[in-house]
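Structure, as structure tokens:
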Amino acid sequence: MMVMDAKIFEIADKLYAQQALTQDESHVLFDAIIKGDVDPILLSAVLTALKIKGETPAEIAGAASALLANANAFPSPEYDFADIVGTGGDGANTINISTTAAFVAAACGVKVAKHGNRGVSSKSGSSDLLDKFGINLAMTPENARGALDELGVCFLFAPEYHSGVRHAMPVRQTLKTRTIFNVLGPLINPARPKIELMGVYDQSLVRPIAETMVAMGMKRAAVVHGSGLDEVAIHGETLVAEIINGEIKEYTLTPADFGLETYPLEAIKGGEPEENRAIITDILTGKGTDAQQGAVAVNVALLLRLFGQEDLKANTQQAIAAMQSGKAYELVNKLAARG
């Protein structure tokens, strides 16, 4: 049996007593987890205790900071860039909206370093899709940074940067339930963007995740839940918690706020990675349906707001124009060509 630091048992005891950890305590715990220094049985107990108690913003921020501190380095640029990402796990199996939106946003002139992984609940996560487009998931950090500089978009595949997460995998797979790891992915982009649009699988997470981002020093961000989706919705209302200079502003958006009509959720259903590749190719070359195009455009529109373009209707039209011109699809091919 491995020898574990007494501090880890003290932290575990707090969790068993349903007491919240400080950000520092959470950092210490997750630092040990990522280094493989926590026995799987104890790991199972602390993840479950955290889940039943309910993870606080300080605990999530501490865990995220530990994972970032242990991540492989990425040469972050001085200029402003963003991530657009969902937790996944909403169970809706829609097309890959945030991945598609990353290319469209880049075609609109902003920079996006997207952090992602293979599918959790959908048949096709962002990495599954990019794989089908021939984009190299194992791109070196330097090559990815070059793509961000030159194309305005790059993709950082989580396992390439966060190898320590593997220590928690057997426990997560055995537990078969959501744990804190399900919300950590979008918060541990190794490029450390200061701007982020993050979708969450449950509306109860919107405010806590926004508070987590404030604790992590995020400059301008929005956390959204769209009527069951971890994206801005075109089939109903979207709850938004926007962060501006450390303050959180909560509001609701409808498709009309973007100048669009409402579409049924069925209109943006996805499939296997190969089917999704065909759908996304259509969307990025201006051949998608109005619903598909709209679903991507509203997410790009809110991301552009985080860069200071406040007019959502104008942003939506700009995003639609980037799809119809084929400019966004060119970026997919250029990223694939970098190898």
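Keep in mind that glycine also has a Cβ here, set from the backbone N, Cα and C atoms.
These come from Swiss-Prot:
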{"type": "BINDING", "residues": "G86, N117", "note": "anthranilate 1 binding site"}
{"type": "BINDING", "residues": "G86, 89-90, T94, 96-99, 114-122, S126", "note": "5-phospho-alpha-D-ribose 1-diphosphate binding site"}
{"type": "BINDING", "residues": "S98, E231", "note": "Mg(2+) 1 binding site"}
{"type": "BINDING", "residues": "R172", "note": "anthranilate 2 binding site"}
{"type": "BINDING", "residues": "D230, E231", "note": "Mg(2+) 2 binding site"}
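Feature map: annotations from Swiss-Prot on the structure.
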{"residue": "G86", "record": "anthranilate 1 binding site", "CB count, 10 Å": "30"}
{"residue": "T94", "record": "5-phospho-alpha-D-ribose 1-diphosphate binding site", "CB count, 10 Å": "24"}
{"residue": "S98", "record": "5-phospho-alpha-D-ribose 1-diphosphate binding site", "CB count, 10 Å": "27"}
{"residue": "H115", "record": "5-phospho-alpha-D-ribose 1-diphosphate binding site", "CB count, 10 Å": "26"}
{"residue": "N117", "record": "anthranilate 1 binding site", "CB count, 10 Å": "19"}
{"residue": "R118", "record": "5-phospho-alpha-D-ribose 1-diphosphate binding site", "CB count, 10 Å": "18"}
{"residue": "R172", "record": "anthranilate 2 binding site", "CB count, 10 Å": "17"}
{"residue": "D230", "record": "Mg(2+) 2 binding site", "CB count, 10 Å": "27"}
{"residue": "E231", "record": "Mg(2+) 1 binding site", "CB count, 10 Å": "28"}
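In the three-state DSSP reading, G86 (anthranilate 1 binding site) counts as strand. The binding-site residues shown are G86, T94, S98, N117, R172; of these, the one with its CA atom nearest the CA of D230 (Mg(2+) 2 binding site) is G86. Closest by Cα distance to N117 (anthranilate 1 binding site), from the binding-site residues T94, S98, R172, is S98. Recorded residues S98 (5-phospho-alpha-D-ribose 1-diphosphate binding site) and G86 (anthranilate 1 binding site) have their alpha carbons 7 Å apart, per Cα-Cα distance.
When secondary structure is read from DSSP and collapsed to three states, the residue listed as 'anthranilate 2 binding site' falls in the helix class.
A distance of 17 Å separates the Cα atom of R118 (5-phospho-alpha-D-ribose 1-diphosphate binding site) from that of E231 (Mg(2+) 1 binding site). Across the structure, R172 (anthranilate 2 binding site) and G86 (anthranilate 1 binding site) place their CA atoms 19 angstrom apart.
Taking the Cα atom of each, H115 (5-phospho-alpha-D-ribose 1-diphosphate binding site) and G86 (anthranilate 1 binding site) are about 10 angstrom apart.
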